[in-house]
Amino acid sequence: MFLTIFQVVAPVWICAAIGFMWVRSGNPFPSDFISRLVFNIAAPCLVISTMASVELSMSALMNMAMAAALVLLCVLSLSYALIRLFGHDTKDYLVSLSFANVGNMGLPVCLFAFGETGLALAVAYFIINSIAHFSLGVSLSSGRSLDWQDFLKNPILWAIAVAVGLIFFQLSLPNWLENTVTLIGDMTIPLMLITLGVSLAGIQVKSWKLGLFYSTMRFVIGGSVAMFVVWLLDLHGLQASIVIIQGLMPVAIFNYLFALQAKRDADTVASMVMISTLLSMVVVPTALALLLASNA
């Protein structure tokens, strides 16, 4: 079992370590360019290539989308109540507690643990989370209303439309286009992981106590809600495992960038990102061991 878990998490942490050491060694890394490349081109291609190439029923994909939406809604509600209970500003911490790293870390973990089918389900989960993160998340963090024009320009939305169309009408892309989309999509996960390491290298942890508290609550709330949603939707096997693993992901890096842009408590958010990512080195392998054992 240990070897199985190691084979899943080792590629994730090695790729992140490459990014971390690259920057710490004084080498330049165009984070803004890479992030835009991944978000605007590579990730949409991954959505199309993964969802169109794996034989999954529309109901399975809809289950993932519904589960992701329910998890996010419940986590937002519980996180809001927790933050208010301790007298803190929800604009500072709500987004960071609610939106997890289901892309940079969640996708590769699900791929290596559950194969291409697991990745396809994880992508369906990631889609809902990503759309909400870059619309509702930005709005909650900045305190401004949602910009619908920017929302509709989201490349992942258009990738979803293409993928759903291919699945619904049982169509396939021409070979040359399918190969191109697959090739571009395949660079998403390694670039995400290297960028994760680069981002962690640039974060300074200052608010340890509050960061540790909210990091711990990220796993408690996320894991509890994920298991509740699995029970509520009567999910089993691979679908249940994907929802639980994605629910146990650490705080997303983008939350730190949102906090900086909106002039929120960026120091504590930075601590949450770093501490929760470190804690995930224990939480995620433990969860994987339990899930793989139960599915054996």
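One is the number of the first residue shown, and numbering goes on along the chain from there.
Glycine is treated like the rest: Cβ placed from N, Cα and C.
Per TrEMBL, these features apply:
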{"type": "TRANSMEM", "residues": "6-25", "note": "transmembrane segment"}
{"type": "TRANSMEM", "residues": "37-54", "note": "transmembrane segment"}
{"type": "TRANSMEM", "residues": "60-82", "note": "transmembrane segment"}
{"type": "TRANSMEM", "residues": "94-114", "note": "transmembrane segment"}
{"type": "TRANSMEM", "residues": "120-143", "note": "transmembrane segment"}
{"type": "TRANSMEM", "residues": "155-177", "note": "transmembrane segment"}
{"type": "TRANSMEM", "residues": "183-203", "note": "transmembrane segment"}
{"type": "TRANSMEM", "residues": "210-232", "note": "transmembrane segment"}
{"type": "TRANSMEM", "residues": "238-258", "note": "transmembrane segment"}
{"type": "TRANSMEM", "residues": "270-293", "note": "transmembrane segment"}
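Counted as Cβ pairs under 8 Å, contacts with the transmembrane segment (94-114) are highest for 238-258 among 155-177, 183-203, 210-232, 238-258, 270-293.
Same-chain residues lying 6 or more positions outside the transmembrane segment (270-293) and placing a CB less than 8 Å from one of its CB atoms are 1, 4-5, 8-9, 13, 93, 96-97, 101, 105, 109, 113, 196, 199-200, 203-208, 210-212, 214-216, 218-219, 223, 241, 244-245, 248-253, 255-256, 259. Scored by C-beta pairs under 8 angstroms, the transmembrane segment (155-177) has its highest count with 37-54, from the stretches 37-54, 183-203, 210-232. No contact links the transmembrane segment (120-143) to the transmembrane segment (183-203), because fewer than 3 Cβ pairs that are 6 or more residues apart lie under 8 A. Listed as Cβ neighbours of the transmembrane segment (6-25) (distance under 8 Å, sequence separation of 6 or more from its ends, same chain) are residues 105, 108-109, 112-113, 190, 193-202, 281, 284-285, 288.
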